């Protein structure tokens, strides 16, 4: 068997006037993430990890932030399209592990919804998807609440 590990990362600034969407879950908060699409930092990191594991580049190569057709795009749609492309290339996903770093809001109440969305979009049992919520211990721009970061690792299997 051919195993491939991918690592993904994304960060977006928090700004007023936008919804906060993480892992496909809309989270009540006074600010949301700034971006060309819905700026779902977690799904962008996972998408990058999947493309990376398949040696197919990154999210920007497939869904450019300069392309008007992706303006306001639902990142769940992009994740499903990413999965379709790597599946067509002969890969399946073994598991996903991820972390979201946010000083606020508290993400723990939303983790199971995020896991369920990711599992559904990737055709995986929820037991193969993990999402962890972390803070930056009030250090740096994340600790000051200026943005939210996500990191993801994915294991692909070449069929």
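Every residue gets a Cβ built from N, Cα and C, even glycine.
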Matching residue for the divalent metal cation site, where Swiss-Prot names 10, 12 - out of 44, 62: 44
For 4-CDP-2-C-methyl-D-erythritol 2-phosphate: widest Cα to Cα gap among 10, 11, 12, 36, 37, 58, 59, 60, 63, 64, 65, 66, 67, 144 in Å: 32
DSSP-derived class (H/G/I helix, E/B strand, else coil) of residue 12 (divalent metal cation binding site): strand
Residue, out of the binding-site residues 10, 65, 67, whose Cβ gathers the largest set of other Cβ atoms within 10 Å: 10
Spatial separation of residue 37 (4-CDP-2-C-methyl-D-erythritol 2-phosphate binding site) from residue 10 (divalent metal cation binding site) - C-alpha basis, Å: 13
Residues satisfying Cβ distance under 8 Å from residue 135 (site 'Transition state stabilizer'), sequence separation of at least 6: 101, 102, 103, 142, 143
Lowest local Cβ density among 12, 44, which the record lists as binding-site residues, within 10 Å: 12
